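> I am attaching a structure below and will ask some questions about it afterwards.
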Amino acid sequence: MGAASLLNLTLPPPLRPSRAGATGGKCKTGISIVRNSIINVQTETQIANGVPMTGGAYDFRGATTSLSDQLLSSTKKVTLVRHGLSSWNEEDRVQGSSNLSVLTETGVKQAERCRDSLININFDICFSSPISRAKSTAELIWQERDKPLVFLDSLKEAHLFFLEGMTNADAREKYPELYMSWREDPSNFNVDGIYPIRKLWDSAREAWREILFMPGESFLVVTHKSILRALVCTALGLSPERFRSIDINNGGVSVFKFNRKGEAMLQCLNMTAHMYGNHLYHY
């Protein structure tokens, strides 16, 4: 439609208040109509979800694909934490699934800061990778709680074959093409036809199913950077090509909310305020 045609459009007259007496003294204005519409939307949302929503989008149904493929027993809130600084983090080594890297003194302090910052959050279960650096972090965070601590193989870090244990500088020098693929094109990085990051996406989906179908409404998950990237991306419907679009610091805290259809809403990503002071989280 051209500009001239737009000028010839006939617009409806503006809404005017009715005269008092014509409607029993009640004034029906455009404002009251809009207000009633808003109230109706909020009521429908509350009925559908059990809680009121705010913001421009009043619900998140259909925002991502379901991670459960069936109704959950309740809505879920999942807090994700990356383990504290490890010896191989400090030495700039490729870690992967190796169990030889352990928490440093700094890593222990970071885990303790995580514990203190989450003290006011109720969790029904803690899930952790069984690999040492994550296991130790989870045990430190969970030591004053009496709820279950569950170790899941699906939360293990990506297996990076013979690169594990090498410094990044040595790996870059000895295997330049392979290392460049790992750093710049991780979804296509492979060793003898095995694609670690694509396999990590499968592990992340399995971990989400195991977590979301457990009884309870609030869970803590302690694991590693790469699997955390996969957990975040799979929850948001992102492919392995987006692997390096997410970054999570040692001790970083992220929070997801799931509706009963198993659809995710990311509420917080990589919160680190507790690393720099006595910060308490409330959510």
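Glycine is no exception: its Cβ is also placed from the backbone N, Cα and C atoms.
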> Match it up for me: which of 1-24, 193-216, 217-240 does TrEMBL list as region 'Disordered'?
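My reading of TrEMBL: the region 'Disordered' range is 1-24.
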> About how far apart, in whole Å, are the alpha carbons (Cα) of Gly84 (substrate binding site) and Glu157 (active site, proton donor/acceptor)?
14
> Just give me the nearest neighbour of Glu157 (active site, proton donor/acceptor) among the recorded positions His83, Ser86, Trp88, Cα to Cα.
His83
> Fewest other Cβ atoms within 10 Å: which of the recorded positions Arg82, His83, Arg133 wins that one? Let me know.
Arg82
> Who sits close to Trp88 (substrate binding site): which same-chain residues at least 6 apart have their Cβ under 8 Å from its Cβ?
Val94, Gln95, Ser98, Leu100, Ser101, Gly165
